[in-house]
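**Student:** Taken from Swiss-Prot, the feature region 'Disordered' applies to 1-34, 538-571. Taken from Swiss-Prot, the feature compositional bias 'Basic and acidic residues' covers 8-17. As annotated by Swiss-Prot, compositional bias 'Polar residues' applies to 19-28. The feature N-linked glycosylation site is assigned by Swiss-Prot to N25, with sequence analysis given as support. What Swiss-Prot records for 86-106, 120-140, 143-163, 171-191, 202-222, 238-258, 275-295, 350-370, 379-399, 405-425, 443-463, 514-534 (among others) is transmembrane segment.
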Amino acid sequence: MADGSDLENNHKPELDRSQPGSTSNGSQEQKDPDEIAPEYATGVRLILVMFTIFVSTILVSLEIGIIATAIPGITNEFRRLDDVGWYGSATFILAAAASPLWGKLFKYVDVKWTYLSAVFIFLVGSIVAAAAPNSVSVIIGRAIQGWGASGVLGGTLIVINYVAPPRNHPLLIGTWMAVFMVSTILGPVIGGGFTSGVSWRWCFWINLPVGGPIIVLLLLFLRIPKHIKKVPATWQEIILALDLPGFCLLLVSLVCLTLALQWGGQTKAWNDGSVIATLVMWIVLSIAFLVTEWFQGQRAMTPFSILTLRMTWSNALFCLISYAALYQVMFYLPIYFQSIHGQSAVKSGVNTLPFLAFFALGAVVSGGVIGKTRYTQPFELLGALIMTAGMALIYILDVDSPQAMYIGAEVLFGFGVGICNQIPMTAVQGFSKQEDVSSATGIMVMCQTLSGAYFVAIAQSLFANRMLATVLSGAGHLDPALVLGTGASELQHVFSGEDLTEVIAAYMVGIKDVFAFSLACAAFAVLLSLIIPFKRLPDHGKKDKPATEEAAEEKSEAEGKVSGDKEENHS
């Protein structure tokens, strides 16, 4: 049996298929008898497959946002205010840690059955959360949902790459991103309807009657083309390739960070021993994770052979930071509407529709244009610039800002982030070798969900600390636990008079700090877009050159240029 560390090298095809006419020994063009011409889904079958996986995305993304308006019902039943932060973060933590594992599974195991497994795990998590007898069970259910959700999201993007004609990838990924974002933001509106009209448990039960037909449709219509072959490996080799030590280190480090941010300044002082200990553990475990990844080589969750490519790491960073800017607006713009303007969850959802509409427009337009031009970097720069301008307008919103002002701000921000948000996935998939697509997709989905796990927790800590400090300085007689435990849409009912004025002012201070953080992330994304290589996506009428070979060509060209300069100087 081959050593697991050489797993990928042991199964490389002898013929270098990225360069027609060449073999491993440099001979003239030969026809590989094992090579199968690509056969992609088209017409009705392509529509049915895309419809099914997009509905899967809707199911998963609704659960990301739906918890926001389900929390009041959960806390009313279980009386565990100290668990509130975990209802949302448990999903992000498991999704972030598990994404690279799913990428490896899609590489070594049948894509169809792996995707079905992810949907099934998500539905199991929904059942656990819906039937939860206590708060801990809700958290466990949400964590299982996150585990399955990461497989569904990554699997959807892999299926698009494998099943759809390559020329359609940018448009389909842009459409997928629009579907994902619209569903995520509509989640709180739907969750509010279930929580107030029936029960918070229906926020999770509703997944079953939708998930069942999805599984049936996947069984009927999902067919992976024959030219897409899984990497042959034994189960022992697959288990080694999953990098379970790296998974555990990343998972525990995220838990430590979340604990520290939820304790610090809210239930415990920042200089409390337990807060300091969890922060130290987060740093130590994060370093241990990076060291483990380095020594794992090709078995790593995030293989450095893929991650160290400039096309990959620059787009991964852009993805991480642009999502940080996006998530804060997604979660805190509705809080702004509900707390500052006294709107209901439904009304605040309606007021985010302009953001959703222009996000979807930007995503579809940029996907279509990139499909024609084959260039990605200019649109990442353009989108980041528009996103930053929109974020600056959102930052200056205040307690008395008129409707025209906040709608204009969210329209500009939504259009900008829609243009650039899905491009990193398109670029990384487009420049990856076929056998690396699943691992590269896992890395990018990890960046998306890590952004939620890290930056949403940081923003929540920033908001809560600043808001409480402002309340205590202006209305010291108020109970901090009451202020924290009162939902944004309930402030008008719980507080009145001067107390209400002070609480609203404190909310505005906390929200502004979060928006400032988001503005900094958007501006940083502009800088990151300048680092991304200016390259045309491979032409699909020819054999595509993977990123690794393009990197080798760049190095060869650079060496040739230096050599030529030396000869000129010598002469």
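Backbone N, Cα and C define each Cβ position, glycine as well.
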**Student:** With contact taken as 3 or more Cβ pairs under 8 angstroms (pairs 6 or more apart in sequence), are the transmembrane segment (514-534) and the transmembrane segment (143-163) in contact?
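**Tutor:** In this chain the transmembrane segment (514-534) does not contact the transmembrane segment (143-163) - fewer than 3 Cβ pairs sit under 8 Å.
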**Student:** What same-chain residues lie close to the transmembrane segment (143-163): Cβ under 8 Å, and 6 or more beyond its ends?
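**Tutor:** Sequence-distant neighbours of the transmembrane segment (143-163): 40-41, 46, 49-50, 53-54, 56-57, 59-60, 63-64, 90-96, 98-99, 102-103, 105-106, 111, 114-115, 117-126, 128-129, 169, 172-173, 176, 180, 222-225, 228, 425, 429, 437-438, 441-442, 444-446, 448-449.
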**Student:** Give the one range among 86-106, 275-295, 350-370, 379-399 whose Cβ atoms make the most pairs under 8 Å with those of the transmembrane segment (443-463).
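**Tutor:** Ranked by Cβ pairs under 8 Å, first place goes to 86-106.
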**Student:** Hey, would you say the transmembrane segment (171-191) packs against the transmembrane segment (405-425), going by three or more CB pairs under 8 A that are 6+ residues apart?
**Tutor:** yes
**Student:** Residues sitting near the transmembrane segment (86-106): Cβ under 8 Å, six or more positions beyond its termini, same chain?
**Tutor:** 63-64, 67-68, 70-71, 74, 114-115, 118, 138-140, 142-147, 149-151, 153-155, 158, 238, 241-243, 246-247, 250-251, 254-255, 258, 262, 301-302, 438-443, 445-446, 449-450, 452-453, 456-457
**Student:** Most CB pairs under 8 Å with the transmembrane segment (238-258): which of 202-222, 275-295, 379-399, 405-425?
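**Tutor:** That would be 275-295.
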**Student:** In terms of Cβ proximity under 8 Å, which residues at least six beyond the ends of the transmembrane segment (379-399) contact it?
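**Tutor:** Residues 318, 322, 325, 329, 333, 336, 340, 362, 366, 369-370, 405-406, 408-421, 423-424, 504-505, 508, 512, 515-516, 518-519, 522-523, 525-526, 528-530, 532 contact the transmembrane segment (379-399) from elsewhere in the chain.
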**Student:** When you scan the chain for residues with a C-beta under 8 Å from the transmembrane segment (202-222), skipping those not six or more beyond its ends, what do you find?
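**Tutor:** Answer is 45, 48-49, 51-53, 55-56, 59, 63, 66-67, 70, 112, 115-116, 119-120, 122-123, 126-127, 129-130, 141, 159, 163, 190-191, 194-195.
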